[in-house]
Amino acid sequence: MNRKNVTRTITAIAVVVLLGWSFFYFSDDTRGYKPVDTSVAITQINGDNVKSAQIDDREQQLRLILKKGNNETDGSEKVITKYPTGYAVDLFNALSAKNAKVSTVVNQGSILGELLVYVLPLLLLVGLFVMFSRMQGGARMGFGFGKSRAKQLSKDMPKTTFADVAGVDEAVEELYEIKDFLQNPSRYQALGAKIPKGVLLYGPPGTGKTLLARAVAGEAGVPFFTISGSDFVEMFVGVGASRVRDLFEQAKQNSPCIIFVDEIDAVGRQRGAGLGGGHDEREQTLNQLLVEMDGFGDRAGVILIAATNRPDILDPALLRPGRFDRQIPVSNPDLAGRRAVLRVHSKGKPMAADADLDGLAKRTVGMTGADLANVINEAALLTARENGTIITGPALEEAVDRVIGGPRRKGRIISEQEKKITAYHEGGHTLAAWAMPDIEPIYKVTILARGRTGGHAVAVPEEDKGLRTRSEMIAQLVFAMGGRAAEELVFREPTTGAVSDIEQATKIARSMVTEFGMSSKLGAVKYGSEHGDPFLGRTMGTQPDYSHEVAREIDEEVRKLIEAAHTEAWEILTEYRDVLDTLAGELLEKETLHRPELESIFADVEKRPRLTMFDDFGGRIPSDKPPIKTPGELAIERGEPWPQPVPEPAFKAAIAQATQAAEAARSDAGQTGHGANGSPAGTHRSGDRQYGSTQPDYGAPAGWHAPGWPPRSSHRPSYSGEPAPTYPGQPYPTGQADPGSDESSAEQDDEVSRTKPAHG
């Protein structure tokens, strides 16, 4: 509700109130009479001070016009009072005895007045209903709750293209095909292919699902409607289904077009999830959505794109082919994707020579595009805070720590004893991890308080991993228990600083036993299954499906794993106690140590052998024959380059060609001056179209076309300065920044899975 409508509503209410007050004020004929007690009126009658009187029989009130005012009437010559029921005759006789002029009025009541008593409150309620409905976004008449709230993007909005997306090439390729189908349908129709009716983007928060939808909107060249899943359900019954019908009706009138529903899980949750009666309104909305997506009605030319963080709770009928033909996972970027994202966000920012983006990409395993964008932005803010002019490597390092652990607590006062305990604790983590053979090397260790932690040691993997062996998970347990072992070894008692380490170790050990089947005693069995009751989103949580004896054995195996890791960490620290003291001293002096400094301190530390106490295969004896070598390993042995160069996908080449053409057109247009509307004179901006009459372009690139649009009657003149129909976008050349990004908007959730510090 804008300011103009608010002013108009307030003015209307004020006018109604003023008219009502004026009506009651001017219709009151008792104005000018002073109210007095009945005894005062009787005194005036008995004192023969009454000139005339009027008895209002219906209201049981007496009006007197006195001959002269006095103190009892405060000098007023007109008084009015009430009299008891049945005393009208006595008053008439008393006034007649004093020779006063007496008149009697019997008010029969006005039909209009009686109607106002009942109608006016009703009108007031209707007015309030209309006002609140407008404030909630209803139609102008106040009864448009069933109208769709979808927004249609216009050409004036900022355009996002596939060139602005990096790190999620698979998702871009899938969506690019839809855009290409809309612009070049003949190539697909010749093969009998049909365009997908629906596309579901799913993945963790911050991976770029909404950004991909914005890129489709900027490149599709057809009308694009966007709406949130929560906009369908309202306080009134039937509103959600009505809005779904209205949305698809608008889409059919503008077909071919695209509808984007963000957070579709708000309306697409599995049916039957109403505990104690259910949420029939949401289910009714979902049923209408299912019918509109694939029912008896015609839905030609309408493509539905939806995004969600929780595809597991969506209704199966919503996910079937014919509704969502294509389901695209949008996951966290890999190493190459993180490099591309960092190049995108660092483009246009002054970066110092020591700002190693490749190294930063290696140290940010598990971060999403939104996290990486936040890292670059935090580094820029930190540089501005220090009045710097270029973003340095230390600023990027501090930005990563801020994103992972929170801001540094500079004002915290720590005693020398607590600082010493923290140094030995973090040193125990670092030394235990350094001596283990199957764990990522420690990149940095610090005792600076940050967020809720007193310090942390960061282990950075050399490459992205999708699998972990049992030895690697045991090494993680040793890493986690290193801090607790150092406290017990040096100070002879533990502290509360290891609470997060114990929690992490317990989680790893229990998952090894109950999920991954890494216990020889319990076997390769998954203990605890998720039941499919849909009352809380499809699952009521994990429930034990094993006996109490098995639960006791699980606890024993978990305890056995943690105790073995604790003992291994203790032995490492005992063997290299002098190295631990040296490391703690360096931490107390410098507070933060990086890989080169750690390598010099741990020069004499040797890798420990793997723990074999859990390598029990029963009667199954592993083979001594080594596994075969991969083509990459064989190529490296032969001295051949690996990995072999992979040809660039066709869609990337098309994106590069279109972007280069668009940039060339803009550079040519910049040399010819500018018109009154801000576009170059004699040329047209990429994405603008002109016909005999004005036609919207919906954020399309120059030269776009789609089936059925523009209308055949439209004539489009050709312009010499306009590029040929191409596909926008541009992959980054070697050594240059890629203009893409895979981060999503800031309203997306930032709770992601990433490498966590071992000590909290």
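Every residue gets a Cβ built from N, Cα and C, even glycine.
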Record-annotated Zn(2+) site (Swiss-Prot): member among Asp325, Asp334, Asp501 besides His425, His429: Asp501
Winner by Cβ contact number (other Cβ atoms within 10 Å) across the binding-site residues Pro204, Gly206: Gly206
All-chain count of other Cβ atoms within 10 Å of Pro205 (ATP binding site): 15
Nearest-integer angstrom distance between the alpha carbons (Cα) of Thr210 (ATP binding site) and Glu426 (active site): 40
Length of the line joining the Cα atoms of Gly206 (ATP binding site) and Glu426 (active site), in Å: 31
Among Gly203, Gly208, which are binding-site residues, the residue with the most C-beta atoms within 10 angstroms of its C-beta: Gly208
Cα separation, Glu426 (active site) to Lys209 (ATP binding site) (Å, whole number): 38
Averaged pLDDT, computed only over the residues in the topological domain 'Cytoplasmic' (1-5): 61
Distance [Cα-Cα, Å, rounded] between Gly203 (ATP binding site) and Glu426 (active site): 34
